[in-house]
Amino acid sequence: MCGIVGIAARRDVVGNLIYGLKALEYRGYDSAGIALITDQGLTRLRAKGKVAELEQLQQQHSVQGHTGIAHTRWATHGVPAERNAHPMTSRDEIAVVHNGIIENHAELRDELRAKGYDFTSETDTEVIAHLVHAEKAAGKDLLDAVLTVVRRLHGAYAIAVLSLQDPGRVIGARKGSPMVMGLGDGEHYIASDIHALLPITRRFVYLEEGDVAEITIERARVFDIHGVEQQRKVKEAHFSADAVERGEYRHYMLKEIHEQPVAVADTLEGRLLDGQILTGIFGPQAVQLLKQTEAVQFVACGSSYHASMVAKYWIEALARIPVSVEIASEYRYRDPVVPKNTLLVTVSQSGETADTLAALRMAKSLGYLAELAICNVPESSLVRESALCLMTRAGPEIGVASTKAFVTQLTALLLLALELGRQHGLDATRYRDGVTQLEHLPQAVADALKLDPEIRVLAERFASKHHALFLGRGRQFPIAMEGALKLKEISYIHAEAYPAGELKHGPLALVDEDMPVIAVAPNDHLLEKLKSNIEEVRARGGQLIVFADKSVSRGITHPQETLLELEPCGELIAPIVFTIPLQLLSYHVAVLKGTDVDQPRNLAKSVTVE
Ligand code: G6P
């Protein structure tokens, strides 16, 4: 989604602003812009499309400036077009960039029109620029003007504001959308995501809900929404700009797929010892709370929702506790009934997904036992607002389509399922076997990656397809859903997943000799059932592609069909291992189709609006 960078310095900051926008490209966007204080006044450049187009424009005009704000926009109000790209300006004196949605923009627009302000865009953001201008024109200082304006905004925002009369100063504010302040030496920064600033600083202050930040050349200060100065902790970022470089890989997604053995090992690092899960990895009070837990409610979106679905199978089998899983955008508008001692678990890579956050906030008044966040970003709102958390430690994920974040979520969720199992009478042998399987996981993921050359060949048969069906049973059904989602997201092929037993209730009507049907066949208690479903597809002439555990693959396919064999692995970790070939398949199909693999059309990495 949208990205923000702002810098106040004594030197030309254009290069760093453009770098910051490029670092935020992964979030998904459709236009970009920059505003600077230059010798000519407040200069603004905007371009539809990629940041590279904005950069070209900047080079043509050789614009330079020592204070500036920049933005990548993912359209919500108003089509992707230059006129709707941020920064929005007011009377060439105020420039504003904004992430989020201002819900009361229509009434503010009417009020501003009555005061003589003209609107040049369809965005909700333009009202902020004019409101700040009006407050300044009434005599307020820039900081006071922004404080007054944000109190009037309904909805979600992270903003950065620049004023011609205030060179060397940028004001930021957040509510509902993330924002950090970066600390430099004789210069200061603001951004919606630390990646934008990593080459220039590793020291950050994470703004809290309602905070307003003032950065100048000399100092960086934070105020609450009432204008009272606040002391916020300075945090050091643990990874450098290199961690978000693509290196030798053609795409971030490919890099992230190949990072998975290490990512999974990082998720497990320091959490297993002598065949046991270390107590307290979910937080100090967790041991008691997990013991008390009588039911679990998962809430998540996208791939995180699929990971939660797998967790339902694991927890119900290992801990014998009922589990419900719901998409956050549905859950938040329901009137859920919460059984006694239910643990709420939110799962999110970013920890900033608007619907998941809203669901967490709503759930807090519903009497859950506690909230646990399974998340990849330690400083995220979701983690900060949850009583318990388990970090997935995938490292920065840049490709919009989730790969290593999903696989590390699954790893963290299997830890949770085994821990709940231990607290709820899971037989010691099964518990130990589960931990042993987890210990083997990094190797099992590395083995699965070896299928890459075969999958690349298989992908050639897919590139001309318009539809695909993914089948799985039990814990592999959500993995089939994730496989279908990956294919849709990056190759734009329509793909659907079904529990294989459901085939005959509808989807079988779609099967003919043109329809690729991908089945996920691990060595589990449902294998024989799956084989019958494969027969149903075969009988209708579907093009069968089966990913099977090598130890049970004999006879599962016929000679004209495709069989890809995975090394045998434990039943519990099989959903994680079988995810890998499906990621590789969608990756290679997308490359053959020539789509924008890392930034697929219309999608965003972190969906911070509803
Ligand atoms: C977007 C991303 C998906 C992700 C989903 C949930 O749609 O493109 O990859 O699964 O958001 O994001 P979260 O950060 O909450 O896991």
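Just so you know, glycine gets a Cβ as well, placed from its N, Cα and C.
A TrEMBL annotation is a machine prediction, not a hand-curated record.
The annotation domain 'Glutamine amidotransferase type-2' is assigned in TrEMBL to 2-218.
Per TrEMBL, the feature active site, nucleophile maps to CYS2. CYS2 (active site, nucleophile) carries neither a helix nor a strand DSSP state and counts as coil.
Residues or ranges marked as domain 'SIS' by TrEMBL: 286-426 (among others).
Mean model confidence for the domain 'SIS' (458-600) is a pLDDT of 94. Annotated domain 'SIS' per TrEMBL: 458-600 (among others), in sequence order.
Residues annotated as active site, for Fru-6P isomerization activity in TrEMBL: LYS605. Taken residue by residue with DSSP, LYS605 (active site, for Fru-6P isomerization activity) is part of neither helix nor strand, so it is coil. Other Cβ atoms within 10 Å of the Cβ of LYS605 (active site, for Fru-6P isomerization activity) number 26 in total over all chains.
Sorting the domain 'SIS' (458-600) by DSSP state (H, G, I as helix; E, B as strand; all else coil) yields 67 helix, 30 strand, 46 coil.
Residues of the domain 'SIS' (286-426) grouped by DSSP class, helix first, strand second and coil last, total 63 helix, 28 strand, 50 coil. Sequence-distant contacts of CYS2 (active site, nucleophile), defined by Cβ-Cβ distance under 8 angstroms and a gap of at least six in the same chain, are ARG27, TYR29, HIS71, THR72, ARG73, TRP74, HIS86, VAL97, HIS98, ASN99, GLY100, SER192, THR608.
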